[in-house]
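> Below: one structure in structure tokens.
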Amino acid sequence: MSTTPPGYREPFESVTSNDQTAWIVIAATLGTVYSLMFLGFRTFIRRTSGLGRLSSDDIALGAATLVAVVQSGVVLGACSSGLGKHWLSLDAEMQREVQQMTYASTLLFVIALGFVFLFLFNLMADPTQKKMLRIALASVVVWTVASFLALALQCDITHAWKTSGEKCEGSALRWQIISAFDILLEVLVICFAGYLVWDVQITSSKKWTVLSAFAVRLLTIITTIFRLTTFNQSALSTNPTFEAQFQVWIQAGMHVSTISATVLILRPVIYNLSTNYGSLGPTISHAYGAASQATYVMSNLSGVQRSRQADTKFGQSLAESRGTEYIASASVGHARNGAHRANVETESVESGSSQRMIIKKKTSWKIETYDKDAESGPRE
């Protein structure tokens, strides 16, 4: 007997003791909507800012969002075939379809996270830390490939998608190892950002703004922990379609990861981090003078003033940038170079050891004496 009041339609999905599909549908739908919304923000900012062709960062984050959306679509297709329902309530054909689509969605999940990590570490590219960057990118590639193979080959290789009635030994251990390295990479992203931004000559509040933007990644660690705690090794072979909580945390972790990577383009971060150290388009000005061979000529300071005013405008700052998300690089990607240049300029002005970019004034005196009693005139 229906409990729906008169004049109302039956709900699209309902949660019962044998059907938890609604939770998966809600998680996948909301995650897809928000991921596409943030991707739309990013696309809009790029188009209105007059930026050039796509960079490698744009491609990596775009690929991550695309794979995440496709993964959620596969999960929604699996829900229409019975994912979230009790295994015994499905016929043989539905059981096969659900297992195949769940298997494909798990592999797409790993690929999406791999693209996100590639984007994050490439975003923090620092010319002075090339070796460290190469190690980080290599670690991401190794983690992605190893996780993909570990999940793809966890059961019988002849029909790897099938888990019901199979002895998929070590599945829980595989997820534990994958999740541990997932958390490790997230921590490295935050620590690497903090290491690069800390020596930049900006106020502490701006530094904390950058770190807060990257600290949003801590939410993905929380989803990873919940995903790991809701994995049921025994249900994988006895009731694989009824793992609604595990699927919900997969959706949450994947979409939070893609969305938090796009948070770096938001206006508060961009406004606070316009340090002119390279990320928002380097502004080359001559505050002290321009050298031409042995002569120093004064520069027009009005151009410098206009440049400073332009840097405080959100749209113009974006127009000068190579990519909107590179605001993080204002204090991260080129932090060391910026701090080094600032130190060099400070030392040049305050010390006498350097003669570059310093205006000198040379004054010569000519002394003339007069004899009061003489009518002839001045003598040197």
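Glycine is no exception: its Cβ is also placed from the backbone N, Cα and C atoms.
Annotations in TrEMBL come from automatic prediction, not curation.
Below are the features listed in TrEMBL for this protein:
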DOMAIN    46-270  domain 'Rhodopsin'
TRANSMEM  20-39  transmembrane segment
TRANSMEM  59-83  transmembrane segment
TRANSMEM  103-123  transmembrane segment
TRANSMEM  135-153  transmembrane segment
TRANSMEM  173-198  transmembrane segment
TRANSMEM  210-228  transmembrane segment
TRANSMEM  248-266  transmembrane segment
> Should anything in the same chain at least six residues away from the transmembrane segment (248-266) have a Cβ under 8 Å from its Cβ atoms, list it; otherwise answer none.
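23-24, 27-28, 30-32, 34-35, 38-39, 41-42, 45, 61, 64-65, 68, 71-72, 75, 105-106, 109, 112-113, 116, 119-120, 123, 213-214, 216-217, 219-220, 223-224, 226-227, 230, 324-325, 327-328.
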> With Cβ-Cβ distances below 8 Å as the criterion, list the same-chain residues six or more beyond the ends of the transmembrane segment (59-83) that contact it, or say none.
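The answer is 21, 24-25, 28-29, 31-32, 35-36, 38-39, 42, 89-90, 94-95, 97-98, 101-102, 104-105, 108-109, 111-113, 115-116, 118-119, 122, 241, 247, 251, 254-255, 257-258, 261-262, 325.
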> Checking distant contacts: for the transmembrane segment (103-123), what same-chain residues at least six beyond its ends satisfy Cβ-Cβ under 8 A?
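Counting only partners 6 or more residues beyond its ends, the transmembrane segment (103-123) has Cβ contacts under 8 Å with 56-57, 60-61, 63-64, 67-68, 70-71, 74-75, 78, 133, 136-137, 140-141, 143-144, 147-148, 151-152, 160-161, 178, 182, 185, 189, 192, 217, 250, 253-254, 257-258, 261, 264, 325-326, 328-329, 332-333.
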